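Pulled from Swiss-Prot, these are the features on record:
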{"type": "SIGNAL", "residues": "1-20", "note": "signal peptide"}
{"type": "CARBOHYD", "residues": "ASN58", "note": "N-linked glycosylation site"}
{"type": "COILED", "residues": "59-116", "note": "coiled coil"}
{"type": "CARBOHYD", "residues": "ASN145", "note": "N-linked glycosylation site"}
{"type": "REGION", "residues": "214-249", "note": "region 'Disordered'"}
{"type": "DOMAIN", "residues": "251-469", "note": "domain 'Fibrinogen C-terminal'"}
{"type": "DISULFID", "residues": "CYS260-CYS287", "note": "disulfide bond"}
{"type": "DISULFID", "residues": "CYS410-CYS423", "note": "disulfide bond"}
Amino acid sequence: MGKPWLRALQLLLLLGASWARAGAPRCTYTFVLPPQKFTGAVCWSGPASTRATPEAANASELAALRMRVGRHEELLRELQRLAAADGAVAGEVRALRKESRGLSARLGQLRAQLQHEAGPGAGPGADLGAEPAAALALLGERVLNASAEAQRAAARFHQLDVKFRELAQLVTQQSSLIARLERLCPGGAGGQQQVLPPPPLVPVVPVRLVGSTSDTSRMLDPAPEPQRDQTQRQQEPMASPMPAGHPAVPTKPVGPWQDCAEARQAGHEQSGVYELRVGRHVVSVWCEQQLEGGGWTVIQRRQDGSVNFFTTWQHYKAGFGRPDGEYWLGLEPVYQLTSRGDHELLVLLEDWGGRGARAHYDGFSLEPESDHYRLRLGQYHGDAGDSLSWHNDKPFSTVDRDRDSYSGNCALYQRGGWWYHACAHSNLNGVWHHGGHYRSRYQDGVYWAEFRGGAYSLRKAAMLIRPLKL
């Protein structure tokens, strides 16, 4: 039997090899053996990671080669930059040489011209004298200045060209954006365009041969006037029509008054411009003192198209126009007046044939601005037809304050502020079209549907209010 320690060594070597093959944790062992004399072969078994592999060597060499290639690429790029710079310098040198040759040729021409002016005997080598030499130097300086100015102009042209290209690109971008927005507006879900239905139109009402009363005729048109288109304007503001027997000159009796009815009770029986105290302000209004007992405050008048009623909320709130012509008293002043007590409303109408009509409401008031000056009306009486009760309890709407019941903007379609529903049976603040019947995409005239229909623009209209208790 052999030596026991030798067998133990062989067993340990076999166990180490099996553990390495089975993926056991790698360990190192140190064996101290007594000196022996071996006659056979000695074998070694250990983990494969202790021996160098060709793949590791190839990876390190590849990394080194990549580093060298990277350095060479950097050198090549640097050489390319230097070559480009040299090319630019060479181009500038060629341009300077060309410019120098041009200047030399120009100087030669100038010298020849000076020699020609000096006389026929002066040759190329002749002495031109001090004065021609000074002139030549001056011309040379002018040439240099002109060249410098040309270079500056070229630089400015280049800058302007760059700016023009930038602006052209910006315009192109904005045009494409506008086109895209036009395709999307008014946009709905999924970017699909929502097409709003056209505003409802009032059916054309047959002409009603309504006889104009004497009071209405005196109020709206005491004397014939020339018809004017809406594009024509008067040179002088037209005075409001006056009853017969009184000069049509605006007057300002002593005031201010609470309303026109108070001025009437104080003995002022002439119609004209009066000053009323409305809240903390004093406003000028037209008081009609001879129509149905007087005391009427004119809050709206249309007669010649001299005032544009297609305006904003603030203008309708404060008022605009002149009280002795076309004007709108203002939503806030009317609210202040009607908040003092019960009022009645009288609407006077006249067509282009001189026929007049009236609509009377035994109750009229406006709510405050917090409720958008909502309209409150009483019972209707008259011969014009009731085209305003449909607007009862409706807020006032303008092009910039859309309060109507329509999905679109009635004030935009009908070109004026009004107590719109969806949209209107009347609108006395529309466009003053000349001649009655008019052509327009929408019903945007001065109309009262029950009197001449929605496609007929009236010649004159007025709205007057008065306290019920005089």
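First residue shown is number 1, and so on along the chain.
Using the three backbone atoms N, Cα and C, a Cβ is placed for every residue, glycine included.
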Worksheet item: Can you tell me how far the Cα of CYS287 (disulfide bond) sits from the Cα of CYS410 (disulfide bond), in Å?
Response: 31
Fill in: Spatial neighbours of CYS260 (disulfide bond) that are distant in sequence (at least 6 apart) but have CB under 8 A
TYR274, LEU276, VAL285, CYS287, GLU288, GLN289, GLY294, GLY295, TRP296, THR297, ARG466
Response to the item:
Here the disulfide-bonded residues are CYS287, CYS410, CYS423; the one whose Cβ sees the most other Cβ atoms within 10 Å is CYS287
Worksheet item: If you draw a 10 Å sphere around the Cβ of ASN145 (N-linked glycosylation site), how many other Cβ atoms fall inside it, taking every protein chain shown into account?
Response: 10
Worksheet item: For ASN58 (N-linked glycosylation site), what is the tally of other C-beta atoms lying within 10 angstroms of its C-beta?
Response: 10
Worksheet entry | Spatial separation of CYS410 (disulfide bond) from ASN145 (N-linked glycosylation site) - C-alpha basis, Å | 68
Discussion item. Taking DSSP as the reference, which of helix, strand or coil describes ASN58 (N-linked glycosylation site)?
Written reply: helix
